[in-house]
Amino acid sequence: NLYQFGNMIQCANHGRRPTRHYMDYGCYCGKGGSGTPVDELDRCCQTHDDCYGEAEKLPACNYMMSGPYYNTYSYECNEGELTCKDNNDECKAFICNCDRTAAICFARAPYNDANWNIDTKTRCQ
């Protein structure tokens, strides 16, 4: 779920950047997404959005409150290393891996302050 995703981001980047800095970045980090990603970090968000889209198509994720935004999965954070636990069902495992992959991607990608809170109407066509 989104709360766990935020915690994964903090784990992967060792708390160096607040999660809220990723909520309104580029064309894809935050609610919605369109156009061409502005940089590597924005591509991480586009990939994460696409992964959630795939999760929503899974039969195992096709029931009320089972989607990627609400479903609670089991994972572990150990000194920046993220592990999705084996006790997750198919849907939870898929969502956990979407979030894990994105959190690692965020931690590796450079953050450009100029791409925070951009005018998406003009920059994300």
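Glycine is no exception: its Cβ is also placed from the backbone N, Cα and C atoms.
Since this is a predicted model, take the numbers as computed values, not measurements.
Matching Swiss-Prot disulfide entries to the candidates CYS77, CYS91, CYS96 identifies the partner of CYS84 as CYS96. According to Swiss-Prot, the residue from ASP49, ASP50 that belongs to the Ca(2+) site alongside TYR28, GLY30, GLY32 is ASP49. Checking the candidates CYS45, CYS51, CYS61, CYS124 against Swiss-Prot, the cysteine paired with CYS91 through a disulfide bond is CYS61.
The record in Swiss-Prot lists a disulphide bond between CYS11 and one of CYS51, CYS77, CYS98, namely CYS77.
When Swiss-Prot is consulted, the disulfide partner of CYS51, picked from CYS27, CYS98, CYS105, turns out to be CYS98. Sequence-distant contacts of CYS84 (disulfide bond), defined as residues of its own chain at least six apart whose C-beta falls under 8 angstroms from its C-beta, comprise TYR73, SER74, TYR75, ALA93, CYS96, ASN97, ARG100. Ranked by CA distance from CYS124 (disulfide bond), the recorded positions TYR28, HIS48, ASP49 have TYR28 at the top as the closest.
Per Cα geometry, ASP99 is the residue among the recorded positions TYR28, HIS48, ASP49, ASP99 nearest to CYS91 (disulfide bond). Cα-Cα distances to HIS48 (active site) place TYR28, ASP99 within 10 Å, out of the recorded positions TYR28, CYS77, ASP99.
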